[in-house]
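Summarising the annotation, Swiss-Prot assigns repeat 'Lumazine-binding 1' to 1-97. Marked as 2,4-dihydroxypteridine 1 binding site by Swiss-Prot: Gly4, Ile5, Val6, Ser146, Leu147, Thr148, Ser160, Ile161, Ile162, Pro163, Glu164, Thr165. According to Swiss-Prot, the feature 2,4-dihydroxypteridine 2 binding site maps to Cys48, Leu49, Thr50, Asp62, Ile63, Met64, Lys65, Ile66, Thr67, Gly101, His102, Ile103, Lys137. The repeat 'Lumazine-binding 2' annotation in Swiss-Prot covers 98-195.
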Amino acid sequence: MFTGIVNGIARVVSINKKKNFHTYTVNFSSILLKNLKIGDSVAHNGCCLTVKYINCPHVVFDIMKITIANTNLGVLNIGDYVNIERSLKYGDEMGGHIISGHIMNTGEISKISKLDKNYILWCKVKDLSLMKYIFYKGFIAIDGISLTINNIIKNEFCVSIIPETLSSTTIGFKKIGQLVNIEIDFYTQIIVDTTKRLIKKDISTLFK
């Protein structure tokens with residue numbers, strides 16, 4: 001589990017592309033490397049991956065076929081940077097919201113507005129079925145960053161990015177048309193799906 005508070009960014013130093021998976025290596029800072037061991041879970045742009053090999057400062061991960069298809073990790077190039085968050089441990093501060101690291105789909109950046117210290121990012125959702133989980137002032141994770149939804153228009157939503165997040169993550173480097181990983185709030189999904197199922201069940205009993 002993760003919190004959506006990014007610990008740092010890491011540079012991709014190599015990518016070995018095979019038929020059904022990629023093996024890629026990233027350069028971790030000393031802070032990100034602290035107590036890291038093989039088998040640990042680490043979020044990359046919000047996507048949970050498992051440490052395969054460590055050769056400080058390089059850390060190696062495998063990216064499976066389904067992850068390549070459903071996240072922006074499949075379009076990474078050498079030299080790109082990714083947001084990194086180590087997994088949540090007992091006693092850690094819960095600064096964002098609970099994130100599983102299971103990316104639902106990607107979204108496309110459709111608009112970026114900058115005015116003084118106000119940075120507003122609009123994102124177009126590719127999978128329209130996710131829109132039923134996206135609510136005004138609800139939680140959402142974009143590339144592993146815990147954010148609050150500020151507006152919704154059809155299949156697009158926007159979030160505001162504070163200066164601290166801009167300086168400590170990759171979000172400030174993003175351009176219009178680029179893909180970002182999206183994970184909707186787990187609890188919102190449960191509430192929406194359960195309510196929908198119960199309403200459907202109640203309606204069906206009326207016609208028995």
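Just so it is clear, glycine is given a Cβ too, placed from its N, Cα and C backbone atoms.
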Residues Cys48, Leu49, Thr50, Asp62, Ile63, Met64, Lys65, Ile66, Thr67, Gly101, His102, Ile103, Lys137 [recorded 2,4-dihydroxypteridine 2 binders]: greatest CA to CA distance in Å: 35
C-alpha spacing of Gly4 (2,4-dihydroxypteridine 1 binding site) relative to Lys65 (2,4-dihydroxypteridine 2 binding site), in angstrom: 24
Of Gly4, Val6, Leu147, Ile162, Glu164, i.e. the binding-site residues, those within 10 Å of Ile63 (2,4-dihydroxypteridine 2 binding site) when Cα atoms are compared: none
Rounded distance in angstrom between the Cα atoms of Glu164 (2,4-dihydroxypteridine 1 binding site) and Thr67 (2,4-dihydroxypteridine 2 binding site): 29
Number of Cβ atoms other than its own within 10 Å, given for Glu164 (2,4-dihydroxypteridine 1 binding site): 8
Binding-site residues compared (Val6, Ile63, Ile162) - the one with the fewest other Cβ atoms within 10 Å: Ile162
Cβ-based isolation winner (fewest other Cβ atoms within 10 Å) among the binding-site residues Thr50, Thr67, Ser160: Thr50
Nearest of the binding-site residues (Cys48, Thr50, Thr67, Lys137) to Gly4 (2,4-dihydroxypteridine 1 binding site), judged by Cα-Cα distance: Cys48
Listed binding-site residues among Val6, Leu147, Ser160, Ile162 whose Cα sits within 10 Å of Thr67 (2,4-dihydroxypteridine 2 binding site): none
Which of Cys48, Leu147, the listed binding-site residues, has fewest other Cβ atoms within 10 Å: Cys48
